[in-house]
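The next block holds one structure in the form of structure tokens; read it before the comments.
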Amino acid sequence: MSESILKLESINTYIDQFHILQKVNFEVKKGELTVLLGRNGAGKTTTLRTIMGLNPASAGTVTFKGENITKGAPYQIANKGIGYVPEDQGIFYDLTVGENMRVAMRHENDETKERLDWSLDLFPDLKRFWKKPAGQLSGGQKQMLAIARSFINETDLILIDEPSKGLAPVIVEAVIDAIEKIKDRTTVVLVEQNFSMAKRLGEKYYILDNGMTMHHGNMKDLEQNEELKRKYLGIG
Amino acid sequence: MMLKRMKLSTKVYLLIGLALAFLPFINDSRWFMFLMIQIFVFAIFAMSYDLLLGYTGIVSFGHAMFFGVGAYSAAIVMDRMEASFVSFLLGTLVAVLIGGFISFLAGMLTLKLKSHYYAMLTLALAGMFLYIAERWRSVTGGNDGFTFRIPELPGFLEEHRNFVIYLFCLLAMILLFFGMKRITESPLGRVLVGIRENDQRVESLGYRIMPYKVLISVISGMVASLSGVLYAISIRFVDTSVFDIQVTLDALMMTIIGGVGTLTGPIIGSAIINFSHHYLSDLANIHWIFQRWMILFGAIFILAVIFFPNGIVGTIQNKLAKRKTKKKQYDTTEKSLRKEGA
């Protein structure tokens with residue numbers, strides 16, 4: 001049985017006066033791709049932001065590779081080996097594709113160079129538009145840049161928030177292919193509303209509803225469970 | 001060999017700098033040289049403001065504080081000591097160090113918070129320095145200010161003192177321009193642009209953003225103090241007007257008209273504002289309505305913002321980039337059509 005890389009225990013997070021996450025429990029095993037599912041407003045994005053320290057938890061514990069990172073600042077958490085692709089991609093529009101990649105590359109060494117080459121093989125468009133301002137890329141290319149950027153440093157875990165959002169089906173296919181290759185190299189937590197994408201990529205799932213963990217298990221089991229899908233995901 | 005390796009833009013900048021150095025040979029009138037010196041001094045000041053606003057997204061309402069501290073530090077040191085190059089160097093050093101220290105303090109106190117706290121604190125500090133300058137008459141001369149001597153130049157240079165100051169300020173502007181350009185094009189500059197666009201994102205990429213913000217605030221404060229030193233030397237006089245909020249607003253206008261985040265923009269903005277100030281005031285001889293030159297300037301400012309929404313340099317850069325992209329797209333389409341035809 002593979003070891004746990006990330007564990008959230010009884011996480012409570014407030015945004016202003018709103019109690020968004022209410023005792024969220026969540027565990028990710030090394031090398032697996034875990035999908036966070038749930039309706040809009042269920043708390044999926046806040047869960048990722050809490051892990052990253054962007055919306056710190058008011059109670060509970062976040063453990064990464066056996067270390068408590070609950071109170072860590074975002075830069076400290078990122079330096080421990082967690083990459084993050086936010087919902088809005090978070091790329092820097094005024095910088096070129098190359099500059100975006102170089103900003104993300106905190107240290108230039110053989111390891112990051114190898115990762116850069118690997119990313120450019122994975123997303124050849126990034127190589128083509130290397131000198132183009134990132135703001136001029138298409139939606140799909142921006143998503144590819146955001147994913148490649150999160151992977152450029154030595155990363156043990158990548159959190160990806162709704163990578164298929166607003167993309168054409170053909171581009172979603174390319175993103176799925178890329179994430180499949182990334183998951184061979186690292187552990188991934190994926191937030192996704194597109195269930196067909198989630199079931200193709202995910203090995204484990206967690207369902208959040210109203211800021212609480214409602215269900216979890218193997219993705220294959222969820223595929224068969226029509227009632228669960230109807231109840232929490234509105235499909236089936 | 002070195003010239004060959006230079007970028008085209010660097011060659012153009014150097015050529016313009018060289019042309020400016022020869023300008024006094026065409027027009028050597030006192031007022032023209034004075035006007036050009038003011039342009040160079042305020043270009044340096046506006047560039048330091050651009051470093052904060054344009055590259056890091058930090059708004060300062062009290063940037064005049066650094067300008068004033070620079071002007072007073074140099075003036076007081078040169079006034080108290082004998083006018084010599086040693087006192088000039090010491091005055092400059094004191095000005096830059098105090099400017100750097102104040103910006104470090106202001107940065108440490110507020111840059112962890114949202115940008116408007118920095119704006120408010122710098123405004124308050126500038127007000128405080130203005131008050132001190134007004135009240136501490138024995139040192140600052142109060143509202144009347146004071147004149148001071150600058151070191152005598154060796155040999156025949158003394159006869160061409162204004163020309164030497166002109167060249168000195170021009171050289172300072174060119175060197176500081178290239179220095180700041182180097183910073184903005186370095187990895188540090190890229191992180192700063194990232195902070196301006198999305199500071200949370202930069203933090204989740206693994207950067208502690210506070211030191212970056214403080215560092216750029218210190219560099220900007222030091223450069224602004226240096227412009228204050230040059231200003232004081234150019235007029236050999238200093239009074240409390242150097243702390244006036246109008247000085248900060250001038251830097252803001254120069255940066256916006258020229259182009260935020262371009263460095264060349266503030267230089268152009270400084271030229272436009274200083275020339276407008278001078279020539280629009282002169283029009284008062286033609287008609288009394290021009291006595292209110294600020295009204296005319298306001299109209300020019302509105303037109304500049306309408307026709308150049310990203311500032312003069314920013315708008316031109318955007319248009320050139322769009323044209324380049326269109327040309328590239330056209331070439332690619334033509335290439336593929338030719339391939340299909342073959």
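A Cβ is built for glycine as well, from the same backbone N, Cα and C atoms used for every other residue.
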Self-check item: B:37-57, B:58-78 - the one TrEMBL records as transmembrane segment
Solution: B:58-78
Self-check item: Cβ contacts under 8 Å made by the transmembrane segment (B:293-313) with residues that lie 6+ beyond its boundaries
Solution: 253, 255-260, 262, 264-265, 268-269, 272-273, 276-277, 280-281, 283-284
Quiz item: When you scan the chain for residues with a C-beta under 8 Å from the transmembrane segment (B:84-105), skipping those not six or more beyond its ends, what do you find?
Solution: 65-66, 69-71, 73-78, 125, 150-151, 214, 217-218, 220-222, 224-226, 228-229, 233
Self-check item: Best-contacting stretch, by C-beta pairs under 8 Å, relative to the transmembrane segment (B:214-233) and drawn from B:58-78, B:163-180, B:253-273
Solution: B:58-78
Exercise. Rank B:58-78, B:117-133, B:163-180 by Cβ pairs under 8 Å to the transmembrane segment (B:253-273) and hand me the top one.
Key: B:163-180
Quiz item: Does the transmembrane segment (B:117-133) make contact with the transmembrane segment (B:163-180) through 3 or more Cβ pairs under 8 Å, each pair 6 or more apart in sequence?
Solution: no
